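Chemist: To start, I am sharing the structure in question, which I have written as structure tokens.
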Amino acid sequence: MVVNTLAYIALLAVAFSLASASDPSPLQDFCVAVNDTNAAVFVNGKFCQDPKLATPNDFSFSGLRLPGNTSNQLGSIVTLADVAEIPGLNTLGISLARVDYAPYGLNPPHTHPRASEILTVLEGTLYVGFITSNPDNRLISKVLYKGDLFVFPQGLIHFQLNVGTTNAVAIASLGSQNPGVITIARAVFGSNPAISADVLTKAFQLDKDVVANLQSKFWTDNHIY
């Protein structure tokens with residue numbers, strides 16, 4: 001009887017361990033398998049140095065102290081503090097970004113494929129929102145003021161618009177050392193190489209001339225800007 005009970009408990013333990021097992025979240029867009037280890041770069045994240053060699057500079061970043069330059073077509077700029085800027089973030093699953101907005105500046109619709117986000121407004125007034133997945137595609141939006149915060153779930157399209165007449169600043173906390181970003185308009189109309197006009201005209205129900213015009217806004221001399 002005791003043996004049967006122990007065997008049953010062991011079986012349950014194995015079952016629960018299998019039920020909770022999962023692959024780690026990827027930290028890059030893709031990782032093509034290779035058999036030659038000499039051709040490998042990294043599997044997930046970055047290589048680690050000897051902890052004894054760590055210095056304070058591995059865990060600090062001064063790039064968020066100054067306003068970013070918002071003199072661009074969108075009137076916004078994102079300064080990201082991820083593992084590329086702070087090596088000590090490797091394996092910790094977090095990163096941070098400062099977002100500066102000129103009056104009526106826009107952080108355009110985009111997604112983070114590897115992170116949820118909490119946005120906190122430091123200065124100004126922002127209209128923010130995200131769109132839920134198909135089939136509902138609900139817009140969940142709100143006007144935020146200084147000190148307010150808003151959550152953008154992982155992978156969902158979201159945006160921020162400065163609706164004030166003064167500059168605005170926000171801090172975005174992201175749940176990945178490398179959250180990634182896909183800006184919708186630039187990805188679709190500025191892909192390299194360009195998506196076939198036949199695809200875009202049918203997908204967006206637009207005339208080819210309109211598609212060509214939209215693509216031209218993201219291409220200059222065959223370079224995306």
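We count from 1, first residue shown onward.
A Cβ is built for glycine as well, from the same backbone N, Cα and C atoms used for every other residue.
Keep in mind that TrEMBL annotations are predicted by a computer and have not been checked by a curator.
Per TrEMBL, oxalate binding site is recorded for Asn107, His112, Glu117. Positions annotated as Mn(2+) binding site by TrEMBL: His110, His112, Glu117, His158. Among the features that TrEMBL reports, disulfide bond is placed at Cys31-Cys48. Annotation comment: TrEMBL describes 62-212 as domain 'Cupin type-1'. For 1-21, the entry in TrEMBL reads signal peptide.
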Chemist: In whole Å, note down how far the CA of His158 (Mn(2+) binding site) lies from the CA of His112 (oxalate binding site).
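Modeler: Rounded to the nearest whole number, the Cα-Cα distance is 9 Å.
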Chemist: Between Asn107 (oxalate binding site) and Cys48 (disulfide bond), how far is it from one CA atom to the other, in Å?
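Modeler: Asn107 (oxalate binding site) and Cys48 (disulfide bond) have their Cα atoms 34 Å apart.
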Chemist: Looking only at the domain 'Cupin type-1' (62-212), what is the model's average confidence as pLDDT?
Modeler: 96
Chemist: May I have the list of same-chain residues other than His110, His112, Glu117, His158 whose Cβ is within 8 Å of the Cβ centroid of the recorded Mn(2+) site, in sequence order?
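Modeler: So the additional residues around the site are Thr111, Ala115, Phe130, Phe152, Leu156, Ile157, Ala172, Pro179, Val181.
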Chemist: Taking the Cβ of His110 (Mn(2+) binding site) as the reference point, list residues of the same chain whose Cβ is under 8 angstroms away and which are at least six residues distant in sequence.
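Modeler: Long-range Cβ contacts: Ile157, His158, Phe159, Val181, Ile182, Thr183, Ile184.
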Chemist: From the Cα of Cys48 (disulfide bond) across to the Cα of Glu117 (oxalate binding site), what is the distance in angstrom?
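Modeler: Cα-Cα distance, Glu117 (oxalate binding site) to Cys48 (disulfide bond): 26 Å.
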